[in-house]
Amino acid sequence: NSCPTILSKSQWGGRAPTCRTAMATPVTYVIIHHTAGASCTTQSTCITQVRNVQNLHMNTNGWCDIGYSFLVGEDGNVYEGRGWTSVGAHAPNYNSNSIGINVIGTFTSRNPNTAAQNAVKALISCGVSRGYIKSTYILKGHRNVTATECPGNTFYNT
C-alpha cells in the first residue's frame, strides 16, 4: 500500500513536543475529528491552520504537543501531529489505543472534499500496511467516544 504525502512537523514548521509518551502499536481504533474551524485547500493555508491548532493545544490548553496523530487538509496532504507512535490527546479513554485523524474544517453541513477523504483512506491503509493500525481496526467518530458534535453531522454520516 502506498502512503499519502505526509508533511513532517519540520516541513510545516511545527514546534517540538515538551513531552512524549510512546504508544504500543498496532492500535485497535482510528478516531476521526474535524477542527470545527476554517477549511484549507492549499498547502500554505493548511500549514497556517495546523500551526494554529498546535498553538491552541500547547498555549491555550497547556498540552505538551498538538493533540492529533495527523491532520488532513482539503489540499490532499497529511500533516504529522504526534505521528504513529506517540499517545495523543484527542479522545479521552482512547488516546493510548488509537490514531486520531483530524480533517481541517467544519463538516456539519458538508463533507470534506474528495482529496481529503482519499488522503484519510490512504493514511489508514498506510498505517495498516506498516503495522501501526490493526487490520481489524474499528473506525469511530469523535462523538462515539465523548460528548461532542465532532466530526460534524454530514461527515459523521459519511
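Keep in mind that glycine also has a Cβ here, set from the backbone N, Cα and C atoms.
According to TrEMBL, C3 forms a disulfide bond with C126, chosen from C64, C126. Reviewing C19, C46, the cysteine that TrEMBL connects to C40 via a disulfide bond turns out to be C46. Local packing around the disulfide-bonded residues C3, C40, C46, C126 was summarised as the count of other Cβ atoms within 10 Å of each Cβ; on this measure the leading residue is C46. For the pair formed by C126 (disulfide bond) and C40 (disulfide bond), distance between Cα atoms is given as 23 Å, rounded to the nearest Å.
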